[in-house]
Amino acid sequence: MYNKLQYISQGETIEKQLYNIHKALDAGCNWVQMRFKNQTQKDTFTLAEEVKYLCEKYTANFIVNDDLHLTKEIDACGVHLGLTDTKIDEARAILGPTKVIGGTANTFEDIENHVKNGCDYIGLGPFRFTNTKEKLSPILGLSGYYEILQKLKKNNIEIPVYAIGGITLRDVSPLIETGIHGIAVSGIITESDEKEKLIQQLNEKLHANIIV
Ligand SMILES: Cc1ncc(COP(=O)(O)OP(=O)(O)O)c(N)n1
Ligand SMILES: Cc1ncsc1CCOP(=O)(O)O
Ligand SMILES: [Mg+2]
């Protein structure tokens, strides 16, 4: 099963990205999504090779944001694709059955389509406003997650759903109660001065036995 906590990297240079990823791994993250926007192909490739090496050293899963061909080229564990990125079925045809493909969703219908097209997990959001990403889809809030997760249950659609967007520690328990599998976070881990403690607290809440 997929880890319940995914760290999405931040940093405008290769050095800052590596620093942030290294810190997150040291503090106990074992799933990293490398998100390095608006960069040259050369720099993105250089960073990806370094991140792959680091993740192997820490036995962490490594997925690439957006870039399907880079994922294949460096043999990462998988890729995360948004609603305007390469289509999930195209990615599946190129990557084959074993790579992890995550897809962004904002609605029940997005999830239905992703499942039909061979997606492995869903990043459903945004939960609330965040400065980490520009051009956000409509904010879902807790009620949005509750509605969508109920509809998935009613339609017998089973896929790990990750909440994303502006999530803080105190959001985790109520989000888990909606039926999500886990969370994908960037800001709270990158900015924390006590990363190890935070990751431990996040994992405790993510793994608490909640009867939904
Ligand atoms: C786990 C997860 N969920 C959603 C996203 C957002 O993807 P996308 O909409 O393509 O936006 P960018 O991250 O590419 O700006 C994600 N990256 N990860
Ligand atoms: C990539 C992405 N997609 C929707 S919100 C978001 C950013 C998540 O980062 P943060 O946890 O800092 O809000
Ligand atoms: Mg994208």
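Quick reminder: no glycine exception, Cβ is built from N, Cα and C everywhere.
No curator has checked TrEMBL annotations; they are predicted automatically.
Record features (TrEMBL):
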DOMAIN    15-186  domain 'Thiamine phosphate synthase/TenI'
BINDING   Gln33, Met34, Arg35, Phe36, Lys37, Asn65, Thr104, Lys133  4-amino-2-methyl-5-(diphosphooxymethyl)pyrimidine binding site
BINDING   Asp66, Asp85  Mg(2+) binding site
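Location within the structure of each feature annotated in TrEMBL.
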{"residue": "Gln33", "record": "4-amino-2-methyl-5-(diphosphooxymethyl)pyrimidine binding site", "CB count, 10 Å": "24"}
{"residue": "Met34", "record": "4-amino-2-methyl-5-(diphosphooxymethyl)pyrimidine binding site", "CB count, 10 Å": "27"}
{"residue": "Arg35", "record": "4-amino-2-methyl-5-(diphosphooxymethyl)pyrimidine binding site", "CB count, 10 Å": "19"}
{"residue": "Phe36", "record": "4-amino-2-methyl-5-(diphosphooxymethyl)pyrimidine binding site", "CB count, 10 Å": "22"}
{"residue": "Lys37", "record": "4-amino-2-methyl-5-(diphosphooxymethyl)pyrimidine binding site", "CB count, 10 Å": "11"}
{"residue": "Asn65", "record": "4-amino-2-methyl-5-(diphosphooxymethyl)pyrimidine binding site", "CB count, 10 Å": "20"}
{"residue": "Asp66", "record": "Mg(2+) binding site", "CB count, 10 Å": "19"}
{"residue": "Asp85", "record": "Mg(2+) binding site", "CB count, 10 Å": "17"}
{"residue": "Thr104", "record": "4-amino-2-methyl-5-(diphosphooxymethyl)pyrimidine binding site", "CB count, 10 Å": "22"}
{"residue": "Lys133", "record": "4-amino-2-methyl-5-(diphosphooxymethyl)pyrimidine binding site", "CB count, 10 Å": "18"}
Pairwise Cα distance for Asp66 (Mg(2+) binding site)/Arg35 (4-amino-2-methyl-5-(diphosphooxymethyl)pyrimidine binding site) [Å, integer]: 8
Rounded distance in angstrom between the Cα atoms of Thr104 (4-amino-2-methyl-5-(diphosphooxymethyl)pyrimidine binding site) and Asp85 (Mg(2+) binding site): 10
Integer mean pLDDT for the domain 'Thiamine phosphate synthase/TenI' (15-186): 97
Entries of Arg35, Lys37, Asp66, Asp85 (binding-site residues) sitting next to ligand 3, with Cβ under 6 Å as the cut-off: Asp66, Asp85
Site diameter for 4-amino-2-methyl-5-(diphosphooxymethyl)pyrimidine, Å, by largest Cα distance between Gln33, Met34, Arg35, Phe36, Lys37, Asn65, Thr104, Lys133: 17
Cα separation, Asp85 (Mg(2+) binding site) to Arg35 (4-amino-2-methyl-5-(diphosphooxymethyl)pyrimidine binding site) (Å, whole number): 14
